[in-house]
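**Student:** Mind having a look at this structure? Questions to follow.
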Amino acid sequence: MGRQATAKSQSRRRPGPSRSAEPVVSPAEDSNAASKKTTEKPTSSSSTSSSTAKKSAPVKPQSTKPQPKRKPQPKRKSQATKPQTKRKAQTQQKSAAKKHVPTKTTDTSSQPRAGAGRAMLSTVRREFARVSAYPLTTYYLILVSVLALTCLGLVMVLSASSITSYDGGEGSSFAYFNKQAGFVAMGIVLMTVATVVPLHWWRRLAWPALALGVVMQAAVFLPGIGKATKGNANWIQFGGFQLQPSEFLKIALAVWLGYVLASKYGKMTTFAHAMIPVVPGIVIAVGLVVGGNDLGTGLVLMAMALTCLFIGFFPWKYFLLLFGSLAAVATFFVFSSENRLRRITAALTGHAEQTASDVTGQAWQSNHGLFSLASGGWLGVGLGASREKWSWLPEAHNDFIFAIIGEELGLLGSLAVILMFAALACGLIRVILRSKSRFIQIATAGLFAWLIGQAAINICVVTGILPVIGLPLPFVSYGGSSIVASLLAVGVVLSFARTEDGASAAIKVHKDRVRSSFAVLARKRKK
């Protein structure tokens with residue numbers, strides 16, 4: 001059986017020449033054989049298909065009708081062989097070239113540039129997202145901007161007060177600068193201490209701070225302690241030491257409103273819960289300051305209170321009622337003073353009525369502030385080369401120091417100051433948005449309204465947009481109480497920024513790195 005199966009399988013295989021004895025075939029014969037194979041393949045397939053069709057389908061009788069003969073179609077000649085088509089193609093190409101028909105071509109030279117630009121943009125976005133998510137970004141943004149403004153303020157106080165200091169009987173051009181440097185050192189110490197104060201301590205200090213601020217502000221009306229300067233009774237004096245308590249009352253009011261509104265969140269549904277003790281505290285603080293004839297600081301306190309109420313989700317009907325009441329009080333005090341009315345009319349009617357020789361006019365200070373800004377140009381006249389500080393511009397080192405900055409450092413220097421305040425504003429806003437504590441949000445919003453709002457008002461006064469109010473530029477203008485209170489407020493905000501998620505761990509890592517670096521330096525010195 002096995003031999004028969006092998007014989008059958010060998011018989012089924014096609015006979016072919018063996019590999020060992022292959023005959024030599026000419027190219028012509030090889031081509032003929034290939035053509036035969038190609039012609040034989042379809043016939044075999046057609047025969048197999050027809051055979052299967054015959055087996056499967058029944059046989060139909062053939063029709064006897066004669067089929068119509070098809071007419072043979074003439075073969076079409078290719079257009080390439082005609083000379084007319086070639087001429088038409090050439091004329092079409094010439095006409096397209098004359099009409100400047102754009103062709104679909106890919107500019108490969110611009111593709112690498114676009115790819116490089118996209119890659120650079122993506123890297124910038126990644127770095128910005130990484131820096132923005134870093135826990136200490138807010139902390140360093142506030143700290144660096146404040147230190148930059150303070151250093152610039154020291155330089156500009158020296159430049160703006162050199163003539164006044166020497167001519168005012170101080171005996172030295174560095175008298176105001178030395179005092180300001182001492183106040184800055186005191187403020188930095190207080191800022192450093194406030195930075196490390198825990199959050200729960202600020203909550204505990206809310207009520208005592210407001211009480212102390214109110215008592216100190218009320219002391220300005222006591223004879224022998226209170227002192228009036230330029231018509232404003234907002235100073236207290238202990239021996240040779242003077243203090244403006246309204247600057248520290250701003251910090252106390254912001255912290256107190258943050259504590260009270262955070263504890264009352266969701267409970268201010270009735271009139272009593274909403275108004276008490278928020279409204280009495282605001283009225284007492286603002287009333288004591290405005291009663292001392294300091295409307296500028298009173299307006300800042302009003303702005304702080306309204307900002308805290310807005311962030312603290314104070315009910316709208318009570319918020320509008322309080323806003324209208326404060327606006328009515330401010331309007332009353334404006335129209336009750338002839339000096340304030342003259343300043344407002346001078347700002348509204350323009351400064352054209354004021355002549356350059358009219359020293360007693362209300363627009364004298366504003367006009368010379370504009371002269372100082374206009375003479376600075378793009379790059380300024382040079383540090384220390386101001387002409388307006390030679391007794392032309394009153395309060396050149398204090399309320400109108402921004403005009404001296406514009407004159408000596410030019411428009412670019414003025415824009416640099418504005419950018420520093422913008423960076424500080426971004427840092428304060430980050431504290432408000434990234435914090436989970438309502439106390440931190442409300443208190444920081446109040447300090448934001450003070451520092452950034454007062455800076456905006458001062459710049460608008462110098463540029464002639466607003467009438468002269470008498471507010472210094474924070475961190476830059478001369479003034480001991482102003483710079484110390486401003487740096488202390490920054491310390492409070494930095495303490496809030498340290499409570500951000502991951503900030504404490506990042507600070508600890510930085511401390512360890514600093515310690516290790518100092519240890520390495522000590523070892524190198526010993527060697």
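In case you wondered, yes, glycine gets a Cβ from its N, Cα and C as well.
TrEMBL: automatically predicted annotations, no manual curation.
I grabbed these lines from TrEMBL:
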COMPBIAS  33-66  compositional bias 'Low complexity'
COMPBIAS  67-89  compositional bias 'Basic residues'
COMPBIAS  103-112  compositional bias 'Polar residues'
TRANSMEM  139-160  transmembrane segment
TRANSMEM  180-199  transmembrane segment
TRANSMEM  206-225  transmembrane segment
TRANSMEM  245-262  transmembrane segment
TRANSMEM  269-289  transmembrane segment
TRANSMEM  295-313  transmembrane segment
TRANSMEM  318-335  transmembrane segment
TRANSMEM  409-433  transmembrane segment
TRANSMEM  445-469  transmembrane segment
TRANSMEM  475-497  transmembrane segment
**Student:** Can you tell me which parts of the same chain pack against the transmembrane segment (409-433), counting only residues 6+ beyond its ends and a CB-CB cutoff under 8 A?
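**Tutor:** For the transmembrane segment (409-433), the far contacts come to 137-138, 141-142, 144-146, 148-149, 152, 311, 373, 376-380, 383, 402, 440-441, 444-445, 447-448, 451-452, 455, 459, 476, 493, 496-497, 500.
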**Student:** Between 180-199, 295-313, 318-335, 475-497, who has the most Cβ pairs under 8 Å to the transmembrane segment (139-160)?
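**Tutor:** Comparing 180-199, 295-313, 318-335, 475-497: 475-497 has the most Cβ pairs near the transmembrane segment (139-160).
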**Student:** Do we see three or more Cβ pairs under 8 Å linking the transmembrane segment (475-497) and the transmembrane segment (180-199), pairs being at least 6 apart in sequence?
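**Tutor:** Per Cβ check, the transmembrane segment (475-497) touches the transmembrane segment (180-199).
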**Student:** List, by number or range, the same-chain residues at least 6 past the transmembrane segment (206-225) whose CB is under 8 A from its CB atoms?
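**Tutor:** Residues packing against the transmembrane segment (206-225) from afar: 233-238, 243, 245-246, 248-249, 251-253, 255-256, 258-260, 281, 284-285, 288-289, 291-292.
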**Student:** Among 180-199, 245-262, 295-313, 445-469, point out the range having the most Cβ pairs under 8 angstroms from the transmembrane segment (269-289).
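**Tutor:** Comparing 180-199, 245-262, 295-313, 445-469 against the transmembrane segment (269-289), the winner is 245-262.
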